[in-house]
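According to TrEMBL, the compositional bias 'Low complexity' annotation covers 48-67, 137-146, 154-165. Residues or ranges marked as region 'Disordered' by TrEMBL: 48-190. As annotated by TrEMBL, compositional bias 'Pro residues' applies to 68-81. As annotated by TrEMBL, compositional bias 'Acidic residues' applies to 92-117. The annotation domain 'TonB C-terminal' is assigned in TrEMBL to 166-253. The compositional bias 'Polar residues' annotation in TrEMBL covers 169-178.
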Amino acid sequence: MMRHLLSLLGGVVLAVGLFWLLAQLVAPPEREPEELTMSMAMTMIEAPEVAPEQEAPTPQPVEAAPQQAPPPMPAPEPPPVAESTISLPEVELPDEPVEPVEMDSELPELTEVEPEPQPEPVPEPEPAPREAPAEPAPAATTAEPSEPAEREAAPAAEPAPSNEPVSVGQATPTSRVNPSYPPRAQRRGMEGFVEVAFTIRRDGSVEASSIRVTNAQPRRVFDDAARDAISQWQFEPSDRLRNATQRIEFQLR
């Protein structure tokens with residue numbers, strides 16, 4: 001055992017010594033620095049005329065290249081979409097037939113409600129003329145005939161026409177114009193009536209500014225047609241203004 005240890009130790013020492021000897025043999029020997037002497041010969045030569053130097057262009061400042069940003073991270077690729085090979089046939093829908101709407105070219109007949117006859121106003125009786133007092137008879141000695149005891153009464157003055165209109169209710173016109181049926185109401189099949197009040201002048205014409213709708217069904221459908229028609233009506237002339245009413249019905253035939 002000891003012999004093996006000693007031989008191992010001796011081998012190690014021998015190997016280290018061999019490495020040191022090899023290192024000394026490979027390393028070059030150090031040299032001393034040599035002094036160098038240099039000789040220079042100088043000759044004087046006239047310098048040639050030198051053309052004036054052109055001004056060198058001012059160097060342009062070099063712009064620093066912008067630092068490139070790091071490339072963005074590539075976006076993750078979307079998962080592949082499975083393409084369906086099933087194709088659905090296109091379904092053609094049949095066109096819906098359009099029924100033509102027939103428009104009535106002729107206006108429907110209008111029915112008018114005959115107004116109830118109103119009793120005529122009873123004229124007021126004129127006051128009876130008063131008898132003039134009898135004059136006294138002349139004396140008997142006179143031969144002249146006596147004057148009549150009664151004198152004829154002077155005719156009573158006619159009263160001035162009044163500007164206050166009187167109410168006559170539903171008056172009967174002597175000339176009338178039928179109202180036109182509104183096209184919108186005719187297309188929709190609408191029916192109704194309009195009740196209006198107005199003033200009749202002394203000559204029998206209707207004062208258009210006095211026409212007003214008092215009742216209508218449906219509202220604001222036949223109002224204008226009723227006003228236009230009644231403004232052209234004519235009534236019997238009178239010495240007084242009259243307030244009248246009228247009902248016009250609109251019906252489809």
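Placed from the backbone N, Cα and C atoms, the Cβ positions cover glycine too.
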Structural state census, the domain 'TonB C-terminal' (166-253) (DSSP three-state): 17 helix, 32 strand, 39 coil
The domain 'TonB C-terminal' (166-253) [mean pLDDT, rounded to integer]: 93
